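*Asks:* The structure follows.
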Amino acid sequence: MGNGLSDQTSILSSLPSFQSFHIVILGLDCAGKTTVLYRLQFNEFVNTVPTKGFNTEKIKVTLGNSKTVTFHFWDVGGQEKLRPLWKSYTRCTDGIVFVVDSVDVERMEEAKTELHKITRISENQGVPVLIVANKQDLRNSLSLSEIEKLLAMGELSSSTPWHLQPTCAIIGDGLKEGLEKLHDMIIKEKMNGDGFCVCVEWVFSGLVLTNGRVSSAWSARLPSWMPLKLCFVE
């Protein structure tokens, strides 16, 4: 083991402008995913329309310890015909935000099915999940205990860390607290794993991952749809 952890930390600290956490926002259509995204970006309510493909935004968030963290969010449409594409967006993800409508009791079973399906994919084993219980400001919203039961959270894999956060995306209540929980879970998983991975936008000579090993390459900017994850292992 040696001082591998300090080595990883020094490597990461030398790449501050390229480090960001890749987060995928999923959930059924009309759950409020895009409202969550743009409330985080603009700190105000933005009227949205159903997402036909995806929205992506890089947002800097100041957490409770005054540390500014960059999250690269991918908000993917929740219509049934788009859900088979979800796994393509989670291949290089550090965390998943799964948004549920706390009022829509009739579709909670459907939400449960999709949540369990995406977390059971082999590539997503160990990926932290923040379940955003949206619309908690409404009188007829389900309680957290009811949502936890209906989503069968206790049946998720033991390798999947999760947190259920009450929120109101329109006014922003609970969103930052939820992100802090997600950030903590991500850091814990990375430190407990075999290495520390970061997503980058640029590739440089000597910093390209090929077949699990670092190889050299020319300097180039990656397209926004092609996130690259670098892993530093002991």
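Here the Cβ of each residue, glycine as well, is placed from N, Cα and C on the backbone.
Heads up, TrEMBL stuff is auto-annotated, nobody curated it.
Take a look at what TrEMBL says about it:
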- GLY27, LEU28, ASP29, CYS30, ALA31, GLY32, LYS33, THR34, GLY78, ASN134, LYS135, GLN136, ASP137: GTP binding site (BINDING)
- THR34, THR51: Mg(2+) binding site (BINDING)
*Asks:* What does DSSP say about GLY27 (GTP binding site): helix, strand or coil?
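*Replies:* DSSP assigns GLY27 (GTP binding site) to strand.
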*Asks:* Determine, using Cα-Cα distances only, which of these binding-site residues is closest to THR34 (Mg(2+) binding site): GLY78, LYS135, ASP137.
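*Replies:* Considering only the listed binding-site residues, the nearest one is GLY78.
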*Asks:* Are there binding-site residues among GLY27, ALA31, LYS135, ASP137 that sit within 10 Å of THR51 (Mg(2+) binding site), Cα to Cα? If so, list them; otherwise say none.
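*Replies:* Correct set: empty; none qualify.
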*Asks:* What residues, ordered by sequence, lie under 8 A Cβ-to-Cβ from GLY78 (GTP binding site) and sit at least six positions away in the same chain?
*Replies:* LEU26, GLY27, LEU28, ASP29, CYS30, ALA31, LYS33, THR51
*Asks:* Pick from LYS33, LYS135: which of these binding-site residues has the biggest number of other Cβ atoms within 10 Å of its Cβ?
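*Replies:* Of the binding-site residues LYS33, LYS135, the most buried by Cβ count within 10 Å is LYS33.
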*Asks:* Near ASP29 (GTP binding site), how many other Cβ atoms are within 10 Å of its Cβ?
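*Replies:* Around the Cβ of ASP29 (GTP binding site), 15 other Cβ atoms lie within 10 Å.
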*Asks:* Counting other CB atoms within 10 A of each CB, which of the binding-site residues THR34, THR51 comes out lowest?
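*Replies:* Each of the binding-site residues THR34, THR51 was scored by Cβ atoms within 10 Å; lowest is THR51.
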*Asks:* Among all the protein chains here, how many other CB atoms are within 10 A of the CB of ALA31 (GTP binding site)?
*Replies:* 25
*Asks:* Taking only the residues the record lists as binding GTP, namely GLY27, LEU28, ASP29, CYS30, ALA31, GLY32, LYS33, THR34, GLY78, ASN134, LYS135, GLN136, ASP137, what is the largest Cα to Cα distance between any two of them, in Å to the nearest whole number?
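*Replies:* Max Cα-Cα spread across the GTP binders: 22 Å.
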*Asks:* Counting across all protein chains shown, how many other Cβ atoms sit within 10 Å of the Cβ of ASP137 (GTP binding site)?
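*Replies:* Other Cβ atoms found within 10 Å: 15.
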